[in-house]
Amino acid sequence: MVLRVLFRAVIMGPPGSGKGTISDRISKSFGLKHLSSGDVLRANIKAKTEIGLLMKSCIDQGQLVPDDVISRLILQELKTMEQHNWLLDGFPRTVTQAESLDSAYHIDTVINLDVPFETIKERLTSRWIHPASGRVYNTNFNPPKIPGLDDVTGEPLTQRNDDTPETVTKRLKAYETQTQPVLDYYRNKGILETFSGTETNKIWPHVHAFLSKKVSDGGGMASGKACQ
Ligand SMILES: Nc1nc2c(ncn2[C@@H]2O[C@H](COP(=O)(O)OP(=O)(O)O)[C@@H](O)[C@H]2O)c(=O)[nH]1
Ligand SMILES: Nc1ncnc2c1ncn2[C@@H]1O[C@H](COP(=O)(O)OP(=O)(O)O)[C@@H](O)[C@H]1O
């Protein structure tokens, strides 16, 4: 029998807390595959799939899409990643979603980015993205090398429809009422690790140290290591 020790992590935090930015650093440093629910939804909108067309208005209004829709989409994506260590960003966002994830996978750790709402609001209005890859820029924090263009492909960057000040306010409200209970859910399971701060560059070394320790303690991340 071949057993695989795989590492499965979730990253949580309010909109704009730096989940995408830190996920990118984690996937580069630790080789985890990064799956962002927002990227999956935006890809569906771009491809004009039935789900994408139906979900666009929820997203543009700063509301969450229905649990059954997003859970089906994400669990379907995760099926294609079964041989990999992964990091899930943006899912789960409700306790119902967390329960669906639990029924399919064992989650090793949940990284919670605790960034004050006031810090976030300023960031999101200056966020630019490369929709095809999910790469994230910010005109102040990490501007692209050439203004308006993606560093890797040279393709144009865009701003998200839901990064307007009014929609950001609604998303933060949704986070408070629907997503914060998920933090308690994981805290009760003893797998929540919270990192507080206002700057990604100050939070990142702590996340890096935490994950490095997990690796050295043998807490997963041994993709491909087979045992007889
Ligand atoms: N000013 C500033 N902007 C940041 C910092 N960390 C990330 N950002 C930017 O803030 C925006 C939101 O970050 P992102 O990683 O997309 O957050 P997410 O919504 O939680 O995935 C992006 O434009 C980032 O480039 C930071 O420490 N300071
Ligand atoms: N797990 C989820 N459950 C419900 N809606 C979701 C989920 N993930 C993403 N969405 C929808 O997509 C939008 C954008 O999500 P995301 O890209 O993760 O943004 P951010 O973390 O910056 O708010 C959310 O505001 C919501 O409408």
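The backbone N, Cα and C atoms fix where each Cβ goes, and this holds for glycine too.
Automatic, uncurated: that is what TrEMBL annotation is.
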If I go by TrEMBL, which of Arg127, Arg187 binds GTP at the same site as Gly16, Ser17, Gly18, Lys19, Gly20, Thr21, Val136, Tyr137, Thr200? Arg127
Starting from the Cα of Arg160 (AMP binding site), work out which of the binding-site residues (Gly16, Gly18, Gly20, Arg127, Tyr137) are within 10 Å. Arg127
Near ligand 1 by the Cβ criterion (under 6 Å), the binding-site residues from Gln63, Val65, Arg93, Arg127, Arg160 are Arg127
Near ligand 2 by the Cβ criterion (under 6 Å), the binding-site residues from Gly18, Gly20, Arg127, Tyr137, Arg160 are none
